[in-house]
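K.L.:
Reproduced below are the annotations present in TrEMBL:
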type: TRANSMEM; residues: A:7-32; note: transmembrane segment
type: TRANSMEM; residues: A:52-82; note: transmembrane segment
type: TRANSMEM; residues: A:94-113; note: transmembrane segment
type: TRANSMEM; residues: A:140-159; note: transmembrane segment
type: TRANSMEM; residues: A:186-207; note: transmembrane segment
type: TRANSMEM; residues: A:219-246; note: transmembrane segment
type: TRANSMEM; residues: A:258-275; note: transmembrane segment
Amino acid sequence: MTGFAELLFSGLMSGLIIGLAGLAVTLVFGIARFSNAATGDTMTLGAYGALVGSAFTGSVILGSLIGLAAGALASVVSYLLVFRPLQGRSPISSLLASIGLAFFIRAIIGLVFGHDQNVFQLDIVRPIKFAGIRIQPNDLKFAAVAISTLAVVFIILHLTPIGRRMRAVADNPLLAKVSGISPRPVMLALWSIAGAVSAIAGIILGMKTVVSPESGWEMLLPAFAAAVLGGIGHPIGAIVGGLLIGVAQELATPFVGFTYKIAVSFIVLLLVLLIRPKGLFGRSEGVR
Amino acid sequence: MLKIENMTGGYGEVDILKGIDLTLEAGEILTVAGTNGAGKSTLAKAVVGLLPRVGGRVLLSGEDITKVPAERRARTGIGYVPQTANVFSSLTIVENLEVVEGVKDRKARMAEMFDLFPALAGRRRSRAGSLSGGERQQLAFARALMTKPPVIVLDEPTAALSPIMADESFSRIKALAGTGTAVLLIEQRARQALEISHRGAIMDGGKVALEGEARTLLADERAAELYLGVGH
């Protein structure tokens, strides 16, 4: 029973990371209307940014903020140089461009940092026991950061003028235009938020495991599965989807092994597409 | 106020609009009627800046706005109520009004809109998607009027309404013109629309087939037979 509870807790932790990445995917899909395959590599970029920042400043917190800024900046630059020129064309063009961008980011990271695994220098803390479950104190910090990130995103979306305009564009782009909403600030806000959220997901993932040029790419399938499971374009759905996939992956680990747990994401993705393509929250598009 | 000169255009390579000339003065209602596929909604989209390909000129208060993007036209003087999908369904009523850009005193203007459409005032926090057809129509009007536009384009505003709601809608449009707003009214209920209009234009095959005083068009036997529906 304790083993099950520990797997469940571990699944929720993984789920938060997947959920954050899924949130970035779903935000971009809801507003820019394509699946951004560079989300995973933006995560990786954020993690490397945090590693470099930590090394320079001697502070993991300051380093993480640098990583976050790097993710947001890379995302905005990607929009300005790659996705904005493709606006108005088929979503397939943007999807293919995002795959190319993902390879490009990964290649640059590999070239600059090499392909060795890197780790964050975090203090080693003894696990605490709660109801018989061993919990790493760092996991609680990561969970707090992930939940705070989600809260900030939801505050932006629902309580700020730019957030409301983002939701309006997601709801009905043409009506947004004839309501005087300029696409440029909305898109810049979108890509900044998506990049920052991806970077935070990548930094937490890197701190929990290791950082390598492939680490974010490997999270892309679970992130897409979370977005699809929750209902693509639905931010809360992406988080719930991420948590469910994280838990499913961890609970499946004793049966399928660590290496194959990612197959759970693929199975979930396939089942949702076959049985309920609109996902759990029942809407097919738009950031609600 | 609004002048359309030799307007051509469409969604792809084929012209749906084939040389439209129309003018609209402040406080005037101009009904554009015609059969399905005549190009009425395409004309509305061209005026507000949503048609991908447009030739000719659109002048607003003498200024050429043909190349001005839709969002700037909306901020500077053209309100638009599309026929369908005319509210942000997932946003609340208040949010639908808050997102509109180009509003000078937003708080005061929202209060005016809730005075004008009291049915919306009691449901400010309701999602627009949960509103009835009539309430949606009111919200669509309120959203389009937030910027106090000198020109408003209404694309079949009574299409999904019951006869009673349609009558209310026509009364509202007449009152709106009474405040000095120029109204370009695209309507299938052509007779009713012409009855509240100053002038009318009847489109056929992407061109204006007949144009004139609303009273004259209502009395025109040819117009009645071909476009307005005799006896309706």
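Just so it is clear, glycine is given a Cβ too, placed from its N, Cα and C backbone atoms.
Annotations in TrEMBL come from automatic prediction, not curation.
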K.L.:
Which listed range (A:7-32, A:140-159, A:258-275) shows the maximal number of Cβ pairs under 8 Å with respect to the transmembrane segment (A:186-207)?
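P.N.:
Comparing A:7-32, A:140-159, A:258-275: A:7-32 has the most Cβ pairs near the transmembrane segment (A:186-207).
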K.L.:
Any residues 6+ beyond the ends of the transmembrane segment (A:140-159) with a Cβ under 8 Å from its own?
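P.N.:
Same-chain residues near the transmembrane segment (A:140-159) but 6 or more away: 12-13, 16-17, 19-20, 23, 27, 166-167, 189, 193, 197, 200-201, 204, 207-208, 235, 239, 287.
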K.L.:
Can you say which of A:52-82, A:219-246, A:258-275 has the most Cβ pairs under 8 Å with the transmembrane segment (A:7-32)?
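P.N.:
The stretch with the most contacts is A:219-246.
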